Amino acid sequence: MPSEMFSKSRREELALGPANRRPKNKPTAAKARITVAVRKKPLTAEEAKNDTDILDVVGRQKLVLHETRKELSGTTDKTTQQGFQFDRVYDEYCSNLTIYKSCVRTLVDSMFECGGRCSCFAFGQTGSGKTYTMMGPRKRGGKQEDSCSRGLWEWAAIDLEAWMKKPAYRERFVLAISFYEIHSNKAYDLLNNRNLVRPMESAEGGVVVKDLVIRVVTTEAEMAEVIDLGNSVRSTGKNSRNNESSRSHAILSIELVQKTDIEYRLAENPRAENPRAENPRAENPREGAMGDRNGKLSATALQTALKEGRSVAVSVRGKAHGKLAFIDLAGSERGADSVQFGRNTQQDGANINKSLLALKECIRAMDQGKDHIPFRDSELTKVLRDFFTFANGLCLMIATVASSSTRKNAH
């Protein structure tokens, strides 16, 4: 159970309070405040034929596990009950919209109102509903099966667009989006053909992902286009629980950036072998080029480049006013879940579990107030360090749990 990461008293200390309360003052804690929520997945039609539901949601904060075991005599069964407390628990009838309104919207508000660095995680065993919660019931390639069950990021996109329409933000800011995955302890850019990118420590002690493509957006539709592009190339695989299981940790990062801190350049090299041949009137070989001496595009040159279908690279100078990340963690697995699917699948499962263990150890070290937090133990924890250590941060961990009796070893 995810409760092992936090003692009850510490979870209460880290809790955000009422989930629908908007932050009025900047947090003063020395590190991000963490809320832990649990979402129960209902039995599938196939599971309902042979399995039993062993999880009960009691109130808004308690989950009860019912477990039946054989007595030592082997002739009778004994049923035990064990309760777990969380900051919030959602039953199988709860929609993505309800979860968003009750505990995710406050992250979006904090990003704008307080300049917060906020994050929303989905974690749990493979096939327990993480990607459904985060991305909604979408097929690969972006087609949505049920428009009534948008993923959390889609509901956030609606609110992000509403915030960006306000004059105070519309005139000065844009949203800069990046989308990448951690697979086998390496980072790949989902917006650039899964090119390998490198998380590195910045001079200020933070973390930057070098060579990562950034897209500038202001509307929900533009955000949806970017996310669908990334999801279409994300690493997936097959195991005993899921025919299309996520085999990577996906990080969708959204930054609120001042327009003056955004720079545009042509992605390809604009220089021709003989610039005078293309522009014989040019006294200077650089005359007629779209960019300035440093290759930066003016607003007019940017519009021209986009109309011509030229590839434009975006870079951000300075610090973001606020930041929000949605992290869809790959599912934890038992060895038995992948043993029949070949060595590569087994190795993927081992790498996933190793990185999740590193994340758990970081959270546990923070919970215990240790001076050293082992963020460097994996690429996953390295890129997420800023969200946990930023004083003005909010972190929501959503654990998805399957309710079938055959999945009890995962609880």
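Glycine too: its Cβ is placed from the backbone N, Cα and C atoms.
Features as listed in TrEMBL:
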- G124, Q125, T126, G127, S128, G129, K130, T131: ATP binding site (BINDING)
- 33-411: domain 'Kinesin motor' (DOMAIN)
- 1-33: region 'Disordered' (REGION)
- 267-294: region 'Disordered' (REGION)
Practice item. Give, as a single whole number between 0 and 100, the mean pLDDT over the domain 'Kinesin motor' (33-411). Key: 82
Study note, to complete from the structure: One residue among the binding-site residues G124, G127, G129 has the fewest other C-beta atoms within 10 A of its C-beta, namely G129
Point to revise | Same-chain residues at least 6 apart in sequence whose Cβ lies under 8 Å from T131 (ATP binding site) | key: A122, S246, D328
Study note, to complete from the structure: Q125 (ATP binding site) -> DSSP, reduced to three states, gives strand
Revision key, fill the gap. Using a 10 Å radius on the Cβ of K130 (ATP binding site), the other Cβ atoms enclosed count 26
